[in-house]
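Participant: Encoded as structure tokens, here's the structure I'll be asking about.
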Amino acid sequence: MATNSGGDSKNTLYCSFCGKSQHEVRKLIAGPTVFICDECVELCMDIIREETKSSSLKSSDGVPTPRDICDVLDDYVIGQSTAKRVLSVAVHNHYKRLNHAQKAGSDIELAKSNILLIGPTGCGKTLLAQTLARILDVPFTMADATTLTEAGYVGEDVENIILKLLQASEYNVERAQRGIVYIDEVDKITRKSENPSITRDVSGEGVQQALLKLMEGTVASVPPQGGRKHPQQEFLQVDTTNILFICGGAFAGLDKIIAQRGKGSAMGFGADVRASDERGVGELFTELEPEDLLKFGLIPEFVGRLPVLATLEDLDEDALVTILTKPKNALVKQYQRLFELEDTELDFTDDALKAIAKRAIERKTGARGLRSIMEDILLDTMFDLPSMDNVTKVVVNEEAVTSDAQPLLIYADAEKGSASAG
């Protein structure tokens, strides 16, 4: 086994798979006629792990177990264990319900349980849905509620959601009727005032009304090419009874409604009298009641068709540091790859990672704000680096995050000097 150490270039060994030399990797493992580096071994392990998970995802009756679904979600989404469990059970029951419906002679009809995901911005709602799309064996589509309008007005009809599901199933109607739909930004279609309005609200309450029958179960007429319906056009008939709907939204301001309701009931010596700003948004969301959603602007019929409620928490400092470093597509790994293309190593100190997480918490943008902070820190370095020679390493320390100081640049000459001095 060769380790990363200096030596004669004539005796330099190279990985037979990626071509990197023994000086560019931590370990180089030798076979009879070939060599493999530690990075290629890790890549092979990831490939085998994915294959094993996909083959063992289903239990004996063909239904993925909630624990299996949750384990796969854990690989990509940090934290949010409660929301993962709710989603895993809901998807598992969706599969079981479909299998139960196919069995003849059953007197009990299992109703579906659509899901509402509520959490502050950047906490992982959309990522959970995208990860589900990768691991499920049913057609899956995501729709943006902000683009929807009532039928007859400029914008997308709600039937376009089903069209996207049909496209995901390659126009196989039977498969589409067993699919899952995720509607994002559902908090943006709330009615504009708490009282019913005389004027039509075509992008708010009107969309909620249009989604009601679709979510409950109806036969939707879908134009195969999309667009508006024309009398001459043939429609595809899609039964939405067995389609699972997951709705998600940040619901900005809902925490204030919950806190206001809590103030009215806080009396006596044992009452919790902490100010609402002392409690996180995620903590307040755990006390959510249907009446809060009605006050926010959802109509009662819409809330009634979303019986399963999962609230996501604010991400704390440890979770944000983990998001920066651990997932397969972690931000730190992405920027390290960018710097590798300039033949430069990028390193972050532990204190720097914690400082980045603190800045994201102060901005209240969750994990979504991490990239803008990283761009801000590395902007000048990325601007100057392509024009500089002999820079082998860039180190981001705490000062580079908390002040105007630049990341430390280590030059090849300095490394040689320290090596000879040693």
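Each position is counted from 1, following the chain as shown.
Cβ from N, Cα, C; glycine included.
Straight from Swiss-Prot, here's the annotation block:
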BINDING   Cys15, Cys18, Cys37, Cys40  Zn(2+) binding site
BINDING   Pro120, Thr121, Gly122, Cys123, Gly124, Lys125, Thr126, Leu127  ATP binding site
DOMAIN    3-56  domain 'ClpX-type ZB'
Participant: Quick check on the binding-site residues Pro120, Gly122, Gly124: which one has the highest count of other Cβ atoms within 10 Å of its Cβ?
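Facilitator: When each Cβ's neighbours within 10 Å are tallied, Gly124 leads.
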Participant: For Cys37 (Zn(2+) binding site), which residues of its chain lie six or more apart in sequence with Cβ-Cβ distance below 8 Å?
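Facilitator: In sequence order, Cys15, Phe17, Cys18, Lys20, Gln22, Val25, Arg26, Lys27, Leu28, Ile29 meet the Cβ cut-off.
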Participant: Do you know which of the binding-site residues Cys15, Cys18, Cys40, Cys123, Leu127 has the most other C-beta atoms within 10 angstroms of its C-beta?
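Facilitator: Result for the most crowded candidate: Cys123.
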Participant: Including all protein chains shown, what's the count of other C-beta atoms within 10 A of the C-beta of Thr126 (ATP binding site)?
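Facilitator: By my count, 16.
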Participant: Taking just the CA atoms, what is the gap between Pro120 (ATP binding site) and Cys40 (Zn(2+) binding site) in Å?
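Facilitator: So the alpha carbons of Pro120 (ATP binding site) and Cys40 (Zn(2+) binding site) sit roughly 38 Å from each other.
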Participant: Cα of Cys123 (ATP binding site) to Cα of Cys40 (Zn(2+) binding site): how many Å, rounded?
Facilitator: 32
Participant: Can you tell me how far the Cα of Cys40 (Zn(2+) binding site) sits from the Cα of Thr121 (ATP binding site), in Å?
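Facilitator: Rounded to the nearest whole number, the Cα-Cα distance is 36 Å.
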Participant: So of Thr121, Lys125, which of the binding-site residues has the fewest other Cβ atoms within 10 Å around its own Cβ?
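Facilitator: Among the binding-site residues Thr121, Lys125, the lowest count of other Cβ atoms within 10 Å belongs to Thr121.
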